[in-house]
Amino acid sequence: MRRKGWMLLAAAGAGLTALLLAQPWKDQARADTVKPEQIPAHTTYTGDVRIDPKNHTVSGKLSVRFFSTDSQAMFHLYPNAFHPQADLSDPNWQQILGKQTEPGRMRIMDVRADGKTAAFRTAGPTENILQVALPETLQTNGGQTNEKRLTNEEQQSNEEQQSNEEQTNARQTSDKQITQEQVNPNQSDVRSAGTVQSGKQTSRLREVEIEFQLKLPRNNGRLSYNGHAMWLGNWLPMLAVREKGEWRLDPYYPMGDPFYSEMAHYHLKVHLPEGYLLATSGTESQAVVTRKRPQKEASYEIDAWNIRDFALVVMDDSYRQTTSQVNGTTIRTWWQEGDDPETVARLHETAAESIRYFGQQFGRYPYSEYDVVKTGGFFGGMEYPGISFIQGDFFASQYGPNGMGTAVVAHETAHQWFYGLVGSDEIREAWVDESLADYATMAFLEDGPVSGGGSYLAYRRERARQSDAYAKQGLDVWLPLDRFPDWKSYSDLVYARGGMMWWTLRSEWGKDRLHQMLREYVQNHQYSQATGGELVKMLSEAAGENAAPFVDYWLRLDLEKKSEADAWMKRGRLSRMF
């Protein structure tokens, strides 16, 4: 995600390794990323939703199929961050809320688990967590099965225990490598009875069906609307990540991108009134479209394979699209009549050329479509798999074709690799995806056909120099979101200093060597999660020695270690590992 505040300031002021090493970087758009439909997913979402653009509502049903050993399932209800009873008094909410604010809410109407009516509850001060009791199959002496449900007391006990554990985890820094407990059907013994054997535990295939009603909030955030569009980010009930035997139930912080999710397949049927346009995380060009003339309604059946979330934008007939093809991917930029034509053309060029550039440098973009859509919002841009929301201001003439909109589009496109293809914990380790995406933006603007690299790099370098003040406050780059006091410190540290760390390494080691390293990072972690610890390990292996001095200086803000960090880079430059 890119924030408006600093953008306005900037406007003013092992099998493939041998093959990769043998090829020149310029033409290196090789098939080192796997097509998403070739990889099994741990979770599938199947939904049928009806969107009412006039009343700004969504109603529907969502079926979630996943493997689990647990007696319950936990879901995030992110829209309820804007519940009428939500306490949004923290000053950091103000940029998200804006001047025109109306609450929104997701109501859970019914829940079924494994085909049976399920006990469920919404938890948290704003009902932002959905807790579903899963039937437990017990083998009897006669070989029959009985279904056992959690009692309310058991649910409450589990909830309180998880809450206490979550609070303890939140106070800890997140520099430890996280062990994923995801059951991967591709690597496990998938049995015909719907079970997966993983170590000593047998994981069953479960299904939770959720009927919901959503009233969109109105604000400057990722889930809102204006007179011409509805943009739906983080809107579906989302199965929480189960990690180290615990559910990750992090709240919706008013900082950064407070989301953490795993890969899943999606199949959504979306019903819209006639006359509206639709852009999604899926493949609209392959959608099955049904038009019902008497009802004046159109239905779209859309698939998306191996993505971390499913976002969409509903637009009225004032929207237009510009389309092009890059290496088999359809690129669409959605804009409105009255937008500056030259600026629109440059933003679309940025989307297309950044897909091409990042594909050459970090691995071919494996998805068949990518949409860049004009929306409202304070955020500058917001990335989702296969789609990016771009703040509408950047389509206007006052920003010009070489304005900050180009950097915003490039940054969100870079997230298709760093967040989308390679996931990470955006709550406890925001620097992992954001620093890489911001570095990639600098590299694209410096090397690619779209101008603006010099001014953007200068701005980032200037903001990264504020580290002395932040170090005195006890802040650093490697902090969880709730430790940043404001958006400015978050941007200066995670984006600017994090991005400049990679740029400094590029200056010392050379672009080709750094990009080779990042290309292998993408190749090794595609469709999975990476951690900060794994990035540090990658740096250590590349240099042939422990990267601790470099990491301590750049990420921990131990500024006294600058000379050690510089010496580490120089020694690493001589390493023959690459």
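Note: Cβ is positioned from N, Cα and C throughout, glycine not excepted.
Around Glu412 (active site, proton acceptor), a 10 Å sphere centred on its CB holds 27 further CB atoms from the protein chains shown. The active site, proton acceptor annotation in TrEMBL covers Glu412.
According to TrEMBL, the feature active site, proton donor maps to Tyr495. Under DSSP, Tyr495 (active site, proton donor) is assigned to a helix (H, G or I) in the three-state scheme.
Marked as Zn(2+) binding site by TrEMBL: His411, His415, Glu434. In the three-state DSSP scheme, His415 (Zn(2+) binding site) is classed as coil. The Cβ of His415 (Zn(2+) binding site) lies under 8 Å from the Cβ of Glu383, Ser388, Asp433, Ala437, each on the same chain and at least six residues away in sequence.
Residues annotated as compositional bias 'Low complexity' in TrEMBL: 153-169.
Per TrEMBL, domain 'Peptidase M1 membrane alanine aminopeptidase' is recorded for 349-554.
According to TrEMBL, the feature region 'Disordered' maps to 150-202.
Taken residue by residue with DSSP, Glu434 (Zn(2+) binding site) is part of a helix. All protein chains shown were included, and the count of other CB atoms within 10 Å of the CB of Glu434 (Zn(2+) binding site) stands at 29. Calculated from their C-alpha atoms, the gap between Glu434 (Zn(2+) binding site) and Glu412 (active site, proton acceptor) amounts to 10 Å.
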